[in-house]
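Below: one structure, written as structure tokens.
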């Protein structure tokens, strides 16, 4: 008899797992509480402006292409992606700008401010990150290793310690090789992909730089939601039954084994395996009602990553100095990280990510106008949450900073505005305390590891998404879905012997 898989949540991890399980011959039902597939890969359109509500950067497209190749299809027949050789522009408080290009040579050619020594150091750092990327690819990505003990067993103790560089934090690894203060800050902020602090995260995450340099940075034409739409279409073609607007209220268990789910309609649906794309702690807390003692233990080890104050602005002008992707850096990177990740306050001088897709895709705003998305990282929802007044003051701080750093009269030109706070993120995606990137990567607390993909408490329960390994970011959550499918397939193959 064909075994039945239930997938809770249609984020990229969930839809990826559903596709791979269907391709492997299982009966698959996916339940998504929202009316769209893609999770945080969401879309907002108003007054002629289009915005990606969630991620705006596509990297490692081969991870997505593999899903189509398993079905002997081509992703290019479903969605169009465009490589961006100019990866982003960095603005600094003293007026300095640095353009990051794909390739160290190209970056040097486009930045007269960078010396020969700067370029040599940047190349040296790239070589270092390449070594880390290569070894993580062998075990962490290809085999879905979930814990430090598994890493050590796979690579050997000395090899793992040296090549994963567990001795240093990410910022220490950067500062050891880079002397230019602007490059130090820019490279440190690659940690944005996982919503953590480069001063706390392990050096292994330095691989993010090589990943982007080697695999490129891409734009999904028309908006990144088209990628989710493509995966949804593939899933339906493979026979996945997708239920949108369908909320799972409870996971049923019997003798430490999951047996099915109860929907908000009261209907019970039986399952042989359950894959939750809901974050791990909210799954245990709200769907299984795990005891307080075990929940508290998990929360101590796995603290939520950062959230964000997300502004979607339609402006009645154009700012020629902006690139597609931009960063407006803080005066004091260490203080910014401290305030967000340790003091848990809204930062005084945040680093701001600003994306302006209209620079590449003119369909995203009316002629002569621009669509600007603004995202500074802020703490996840605290026991004493920030107030509406707190957010209003923070909004003014953001706009003051952007105007001061070159976006003249930005306030006057705003004709459309939509804002998402951590509370909105929590409400729409059931994310843990409104975190965007799952759990924080911390060298001391968790060595940069997230939750294992297989439940330690209940048989036949698996997790995908940003709260499990290999981590946050759209390629990683998509890969987590494929890795879970591999684990279930391997388990079933073993059971048949």
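Cβ atoms are placed via backbone N, Cα and C, with glycine included.
Around residue 7 (FAD binding site), taking its Cβ as the centre, 33 other Cβ atoms fall within 10 Å, counting all chains. Summarising the annotation, Swiss-Prot assigns FAD binding site to 7, 8, 9, 10, 11, 12, 13, 14, 15, 16, 17, 18, 19 and lists sequence analysis as the type of evidence.
There are 31 other CB atoms within 10 A of the CB of residue 13 (FAD binding site), with all protein chains counted. Between the two most distant C-alpha atoms of the annotated FAD binders (7, 8, 9, 10, 11, 12, 13, 14, 15, 16, 17, 18, 19) there are 13 Å. In three-state terms derived from DSSP, residue 9 (FAD binding site) belongs to neither a helical nor a strand segment and is classed as coil. Cβ contacts within 10 Å of residue 17 (FAD binding site), excluding its own Cβ and spanning all protein chains shown: 35. For the recorded site, residue 17 (FAD binding site), the DSSP three-state label reads helix.
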